[in-house]
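Copied over from TrEMBL:
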- A:THR151: active site, nucleophile (ACT_SITE)
- A:THR118, A:LYS140, A:THR151, A:GLU231, A:ASN350, A:SER355: substrate binding site (BINDING)
2 protein chains.
Amino acid sequence: MNHGPRRAAAGVFTANRVKAAPVVWSEQVLRGGQVTAVVLNSGGANACTGPAGYEDTRATAEKAAAALDGHRADQVAVASTGLIGTRLPMDKLLPGVEAAARALSEDGGEQAAVAIKTTDSVHKTAVAEGEGWTVGGMAKGAGMLAPGLATMLAVLTTDADLPAADLDRALRAATRVTFDRVDSDGCMSTNDTVLLLASGASGVTPGYEEFAEAVRTVCDDLARQLVGDAEGASKDIRIDVVHAATEDDAVEAGRSIARNNLLKCAIHGEDPNWGRVLSAIGTTSAAFEPDRLNVAINGVWVCKDGAIGVDRASVDMRGREVVITADLAAGTASATLWTNDLTSAYVHENSAYAS
Amino acid sequence: MNHGPRRAAAGVFTANRVKAAPVVWSEQVLRGGQVTAVVLNSGGANACTGPAGYEDTRATAEKAAAALDGHRADQVAVASTGLIGTRLPMDKLLPGVEAAARALSEDGGEQAAVAIKTTDSVHKTAVAEGEGWTVGGMAKGAGMLAPGLATMLAVLTTDADLPAADLDRALRAATRVTFDRVDSDGCMSTNDTVLLLASGASGVTPGYEEFAEAVRTVCDDLARQLVGDAEGASKDIRIDVVHAATEDDAVEAGRSIARNNLLKCAIHGEDPNWGRVLSAIGTTSAAFEPDRLNVAINGVWVCKDGAIGVDRASVDMRGREVVITADLAAGTASATLWTNDLTSAYVHENSAYAS
């Protein structure tokens, strides 16, 4: 809940064209640029539930507005995570909204971060401080969490005083280079939601660039925590694409590498299989010449000019973090993406459940 | 080896921009429209091996041409499969080419099909008969085979008498709807090769449509065998996309479903998780309305109009083959794609090896 005095807000939602009811609802709420409260639930995504599911989301917002008297339901955002294609148990959820409203506290940030955990092993929070103002955030999820719960939900708050348009611009700029570049398993959720609420309580209006940098810092911190806590994963893989012709090229190449199942298996086996990196780059439309590509794994240039470089035996892959550097030798743009390895634990968690 | 009298040939190769040396070589050979012999090796892909690797392929073709005296090296196609980024052991390979040339036999088709196996559990051949002519084929591989050996190699032969241009047209039409629609793990090899050699020995020139149909039948049969023999897989998944606006839309939606790791895990667990099908479709640019999508799993319409349909508990997924029908409700085009489930065995085979 945002106690004000301002209630400006911005939101970024999944690009999946199949959107959960709470995403459709919250997108409408955000169009007004004002959010007084956010209700988050886990256990059910309320996706692919038809008009009835949408009414469940509306009832959730109305219940929250009533419980926080004097507030409008169309300024209550809703975020859900869990199984797709099942209705929410509204007989449990609505009393839960009332209980949560009664338990609201200014010191409740940590508790909220714990409460939104699903199969997360730790809760995730981050903070960035400005001159007299602060941006804080909490998040749950990431691909490779329990099945159907792969959704990423994040809520950022600040006591800075900025209009909704500035919040929106800062949040979009931040998510584009942070959450959007975490690609655990290539699967895009129907429910991904990132919200930013500004109370203005500090009375300070920071410069836009300074504020945007703080939002980016918090998003980056949370995104990195999501990768590090991806269940079933044994490696965090950082992919630096450098010397690309454009940033789009760098992201396309990085995403193709991040989604290559054979490479993700190889890294799980601590095998510096650079051929799979080239093979992944080769499926993209990025500008490059195959015989000018270079690849380093943990700093060792195992591929030079598209062919065999330094002996792969000299690569040490025992640490949890593995860094792949892909040099497209085509320009000056770059991008960093994060993914995880593909493990038997991932398969187990995503097959041994439901029905 | 093609004993003639004609030596017309066609080839279709990987669309990966990082191409193995034998692919670059064989593409040049095929530009001449004539192939007298094909040399296949496993153990090394000869990909990302630079100019030296290309010379190894040339030496292989020259050795074969010399061993089959009177033939030209630039009419010898070469296909390789195995680890990327290591040089071929030419001291073993060249004597092997001579030994293979000495062992050539008109009854050797079966032996050849066995010889090109890598981790295939069975060899794969297929035949289609015309009036006085025949098309035969053999293949190895498919995604989910041993790591780095995911390459698919296929050689078709016919005694029909057709010009190279007709062979090319028939082969491209066939691979587009068969091999190109098998997507075991979304990884595109640097070495995929499908060749069609015509000897004209029957003296019969069939009508183009009749011949193209026979080529398609052989490719379809081999592609289906590749899916069925994918190591590490426990399910063969057939994806029928129907009522798409265009065939391209149907293929795009089908491929997105085929590549969804969460869905592939769910099917491994015999979980009819239709939400993941919708979630996969939602990431495409195909024409559809989310609230008009229908999905059947093994014939049970578990999703109607983008929401909950028939009870998922009534889906029987115990068989090896699982059929997913995705109805985009947007037109009259359709496409069928094949994939496999994602299993711990897949992870194991693709991580516990090399280095």
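Counting begins at 1 with the first residue displayed.
From the backbone N, Cα and C atoms, a Cβ is placed for every residue, glycine too.
In sequence order, the binding-site residues near chain B (CB to CB under 8 A) are A:ASN350, out of A:THR118, A:GLU231, A:ASN350. Proximity to the residue listed as 'active site, nucleophile', judged by a C-alpha distance within 10 Å, picks out A:LYS140 from the binding-site residues A:LYS140, A:GLU231, A:ASN350.
Annotation note: A:THR151 (active site, nucleophile) sits in a coil segment as assigned by DSSP. For A:LYS140 (substrate binding site), the count of additional Cβ atoms within 10 Å of its Cβ stands at 28 [all protein chains shown].
The recorded positions listed here are A:THR118, A:THR151, A:ASN350; among them, A:ASN350 has the most other Cβ atoms within 10 Å of its own Cβ. According to DSSP, A:LYS140 (substrate binding site) sits within a strand segment. In the structure as shown, the Cβ atom of A:GLU231 (substrate binding site) sits within 10 Å of 21 other Cβ atoms.
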